[in-house]
C-alpha cells in the first residue's frame, strides 16, 4: 500500500508539499499530488517531515530483564518517538558477547518489525574488561554487528582498549566507550559538587569521564581507529573532544536529552528516578553540552533509554538502579533545549538525530535525504503541539521518566519504516 503525506514541510523549510511513498521509497514530492486509489493518507498540514531518527544507545533489556523492557515494548516506544533504527546495548543477561545473543536480538527485532534493532556486541567477555570478545564472529553473523561497547562499565584497561581499537579497525566496526575511570567513582552516586556535599552523597568527579575521553582519543590516534564516546556529560569533555577533532583524531560523541535539560539540582528530592550514569551535573555543564551540540563538537543525540521497574527505582537514592527512559521524550526535550532558543533548526535536528548517527554507525539506508528514490524511513512532527509526560502512559514496560508531569513541545504524528506506517497519532500500527 502507498502512503500520501499531505501538506508537510520537509526539514521545516519552504512551502508545504505532498510526499507520496510507494514500495518502501519516496516516489513523488510536490504540491497537490493525486491520491492513489489504495493510498493511506496522512493529513500533515503544517507539520515537519524529517528522516527517521537513529538512536545509537538504548537498553532494551532482552534477554534477561524482560520485566523492565523487552524488544517489543522498546520498539514500540522507539516508533512512537520517531525512531526507525535503534542500537541495543550489550549489558543483557546473558551478555551480548557472542553471535548466539546478538543474532537472537536481531531476529527478535525483525520479528517485531517496528524499528530496525541493531544489537551492540560487548567489547570484552562478560563485560569483565579482561578478554576481548570474538567481534569478527558477531560481525559475520546474521546481525552483522557493527558497534561494540561494554556500556554500563568502562573498558578501563588501556592495553585492552588499545587492542580493541586495533581489532575493530581491521573489521571496519566501531568501539563505543562508556567513559568512566572506575577508581574515581567507587561508591559515588552524584556529581561531585556543592549539591552532593549538601546532600551527603559521595561525589562523582568530572575527571572520571574526562580522563578516559583524553586517553581513548590518544589510543584511537595511535591505532588509526574510530572511537565513539557515549553520553558526554561534562564541560571539560567538550574541550577534550574539540582538541581531539582539531588534531584530526577520528572521535565522535553523543549527548543524552536528560543531560541537555536537567542538572544536579534535581537530586534535592532524593528521588531515585534522578539517579543516572553519568550523573546529572551542574547547570553550567548542560549549557556547555547544548553549545557543543550546536557547534558540532558533539555529533549526535542518543537517548541512553534505560528502563527500570518500580522496585528498582522507588528505593533510597544510593540503592536505585541508574538510568532513565528516553525514547518517547527525546525529540521534545531536544526541541525545548535546542530549537526553541534558536541553537538548532529543524534541518539541524535531522543532522543530530538521524544523519550523523546513521553515518557514525554506517547504516546505508538510514539518515538519507528527503528526495525521490530514497528509502522511506520518515518521521512526521507537529512542531506546534504540546503534551504532558505521564510515565504510566508511555509504551515502555517501565515508567522511570525524569520528565513526569512536564509539559513539552512537539509531538511525533507519524513514523514510517521503509514505507510502512509504524506509529500514527500516538498509537502503534502493527
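Including glycine, each Cβ sits where the backbone N, Cα and C put it.
Copied from Swiss-Prot, the annotated features are:
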BINDING   57, 59, 151, 304  Zn(2+) 1 binding site
BINDING   59, 60, 61, 91, 277, 308, 322, 323  substrate binding site
BINDING   151, 178, 231  Zn(2+) 2 binding site
ACT_SITE  304  active site
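Feature map: annotations from Swiss-Prot on the structure.
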residue: 57; record: Zn(2+) 1 binding site; Cβ within 10 Å: 28
residue: 59; record: Zn(2+) 1 binding site; Cβ within 10 Å: 25
residue: 60; record: substrate binding site; Cβ within 10 Å: 31
residue: 61; record: substrate binding site; Cβ within 10 Å: 28
residue: 91; record: substrate binding site; Cβ within 10 Å: 21
residue: 151; record: Zn(2+) 1 binding site; Cβ within 10 Å: 25
residue: 178; record: Zn(2+) 2 binding site; Cβ within 10 Å: 25
residue: 304; record: Zn(2+) 1 binding site; Cβ within 10 Å: 29
residue: 308; record: substrate binding site; Cβ within 10 Å: 26
residue: 322; record: substrate binding site; Cβ within 10 Å: 18
Here are the binding-site residues: 231, 277. Which has the lowest count of other Cβ atoms within 10 Å? 277
Only counting partners 6 or more residues apart, tell me which same-chain residues put their Cβ under 8 Å from the Cβ of residue 323 (substrate binding site). 59, 275, 276, 277, 304, 306, 307, 308, 400
From binding-site residues 60, 178, 231, the one whose Cα lies nearest residue 151 (Zn(2+) 1 binding site): 178
Determine which residues of this chain, when 57, 59, 151, 304 are set aside, have a Cβ within 8 Å of the centroid of the Zn(2+) 1 site's Cβ atoms, and list them as they appear in the sequence. 58, 89, 152, 230, 231, 302, 303, 305, 306
Write out, in the order they occur in the sequence, the residues of the chain not among 151, 178, 231 that have a C-beta within 8 Å of the mean position of the C-beta atoms of the recorded Zn(2+) 2 site. 57, 89, 149, 152, 176, 177, 179, 180, 230, 277, 278, 304
Of 91, 178, 231, 322, i.e. the binding-site residues, those within 10 Å of residue 57 (Zn(2+) 1 binding site) when Cα atoms are compared: 231
Spacing of the two Cα atoms, residue 91 (substrate binding site) and residue 231 (Zn(2+) 2 binding site), in whole angstrom, works out to 16
Can you give me the Cα-Cα distance between residue 231 (Zn(2+) 2 binding site) and residue 61 (substrate binding site) in Å, rounded to a whole number? 19
Going by DSSP, is residue 57 (Zn(2+) 1 binding site) sitting in a helix, a strand, or coil? strand
